[in-house]
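S.K.: Please read through the structure below; I'll follow up with questions.
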Amino acid sequence: MGLAAEPDSSNDDKTPLLLSHPLKRTGTVWTAVAHIVTGVIGSGVLSLAWSVGQLGWIAGPFSILIIASFTLISSFLLSNTYRSPHPQFGPHRSASYLDAVHSHLGLKNGRLCGLLVNISLYGFGIAYVITSVISIRTILVSICYHTNEEEVACEFVDAYYMLIFGAIQVVLSQIPNFHNIEWLSVVASIMSFAYSFIGMGLSILQIKEKGYVEGSIEGMRSRSRTEKLWLVAQALGDISYSYPFSTILLEIQDTLKSPPPENQTMKKASVISVAITTFFYLGCGGAGYAAFGNDTPGNLLTGFGSSKYYWLVNFANVCIVVHLVGAYQVYSQPLFAIVENWFRFQYPDSEFVNHSYFLKLLFLPDFELNFLRLSFRTAYVASTTVIALMFPYFNQILGVLGSLIFWPLTIYFPVEMYLGLSNTEAWSAKWIMLRSLSILGFVFGLFTLIGSIQGIVTQKLS
């Protein structure tokens, strides 16, 4: 094993200024779909049966369709901001969500957006640690339950498995950038399809065995109207968490080859991805609620732990863990790039920050080592793991994350950037429609945020 210094390469006109080497953009509509599905169909799909259960048979599916529509509109608006001043032929690229807001809406909005983007990306990492451990614990409890003839207490400490997940992420986080994880997204997407089909199939099988459909129009019962109101807010927050991919859309678009124009490819990928996720969300959410009714669990697969198909449930949970290993990187790589590019800009002559080395490993490809990357990303993974240990509340954490990002990142900033770039006339039909969408999104996000925070406080105090 040896070390070899990597010389810095000059940037070409298609490469963001702060990257240390030119990027080869080879992505297609299907690699973009793989990235989106990896990031979107994750821990959120497991909470949708509970969400539909809280909202009932009419409001539940309707809410999923409405939020899917908001997400698709947002992705169309945002994909037109990648190039400017023209959405297809403009010479300036915005390689990240933060770049786009800073370029089109100014420094003040850029700083606010940067704070929200970083919080959301960081929060996704925490949520994925929590969800992976729930799946690991479910597997271990199932194996314990079915391998012991006598009744034994099958209890496991979550902290140990959170640390294992964190250790895996420390290794994977050394992948240099978003352009190097296409293979990870493809594997993770396959896993997401697998456990979504299994969850849906087991729910349908349980309905068939019962011979009737559980659930009601008004949803799951609660002790009071006030409690029901907060649970509805949390359910809507969970759904809003499950859809948006605005924070990673431009990073994905920056991997696409051209021609055809990147915004056209991204719009096609968004339509396909939202259609796929909506099918799975309606299937898993509806079938899960129909199978369990008032007993619908917060995490769908935990309801099948004692099923005779426990081996299939265990396989689904393995798929979840593998998927979340990839999804953690999909959402962390943009944040890594933001922080590390800032350090490179501030300290251009620092060897610690800018110099990379190749580790020549026997029987393995050369490994690129950078000391800033090693130290920062390790500390990042460690911090998400510690916070997950402190607040392991699945549904409430998802609701808070969804509420925080839904209005500003999914609706407000894309609308403002689109209106600015398209020179839409004030008080025109399009202007009124987009402004109304923004106001509606704000009210929705505030309601779900208050309800989800109330849920975390209640869980912590209890």
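For all residues, glycine too, the Cβ spot is worked out from N, Cα and C.
Just lifted these from TrEMBL, have a look:
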DOMAIN    25-457  domain 'Amino acid transporter transmembrane'
TRANSMEM  29-50  transmembrane segment
TRANSMEM  57-78  transmembrane segment
TRANSMEM  119-140  transmembrane segment
TRANSMEM  152-171  transmembrane segment
TRANSMEM  183-205  transmembrane segment
TRANSMEM  269-289  transmembrane segment
TRANSMEM  309-331  transmembrane segment
TRANSMEM  400-421  transmembrane segment
TRANSMEM  433-457  transmembrane segment
S.K.: Would you mind listing the long-range same-chain contacts of the transmembrane segment (29-50), meaning Cβ under 8 Å and 6+ residues beyond its ends?
M.R.: 64, 127-128, 130-131, 182, 184-186, 188-189, 192-193, 196, 199, 203, 235, 238-239, 241-243, 245, 248-249, 252-253, 255-256, 265-266, 268-270, 272-273, 276-277, 280-281, 284-289, 291-292, 296-301, 320, 323-324, 326-327, 330-331, 394-395, 398, 402
S.K.: By Cβ distance under 8 Å, which residues at least 6 away from the ends of the transmembrane segment (152-171) in the same chain are close to it?
M.R.: 129, 132-133, 136-137, 140-141, 144-145, 321, 325, 328-329, 332, 377-378, 381-382, 384-385, 388-389, 392
S.K.: Do any residues, 6 or more residues outside the transmembrane segment (269-289), come within under 8 Å Cβ-to-Cβ of it, and if so which ones?
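M.R.: Beyond its ends, the transmembrane segment (269-289) has Cβ neighbours at 29-30, 32-33, 36-37, 40-41, 45-46, 48-53, 57, 60-61, 64-65, 68, 71-72, 75-76, 79, 193, 196, 199-200, 203-204, 207, 214-215, 239, 242-243, 245, 249, 252, 296, 300, 303.
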S.K.: Please indicate, using numbers and ranges, the residues of the same chain that are 6 or more beyond the transmembrane segment (309-331) and have a C-beta under 8 Å from a C-beta there.
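M.R.: Sequence-distant neighbours of the transmembrane segment (309-331): 35, 38-39, 41-43, 46, 121, 124-125, 128-129, 131-132, 135-136, 138-139, 142-143, 145-146, 165, 168-169, 172-173, 175, 181, 184-185, 187-189, 191-192, 194-195, 198-199, 202, 205, 247-248, 301.
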S.K.: May I ask for the residues of the chain that lie six or more residues beyond the transmembrane segment (119-140) and have a Cβ under 8 Å from a Cβ within it?
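M.R.: For the transmembrane segment (119-140), the sequence-distant neighbours (Cβ-Cβ under 8 Å, at least 6 residues beyond its ends) are 42-43, 46, 154, 156, 158, 161-162, 165-166, 241, 247, 299, 301-302, 305, 313-314, 317-318, 320-321, 324-325, 327-328, 331-332, 334-335, 380-381, 384-385, 387-388, 391-394, 397-398, 400-401, 404-405, 409.
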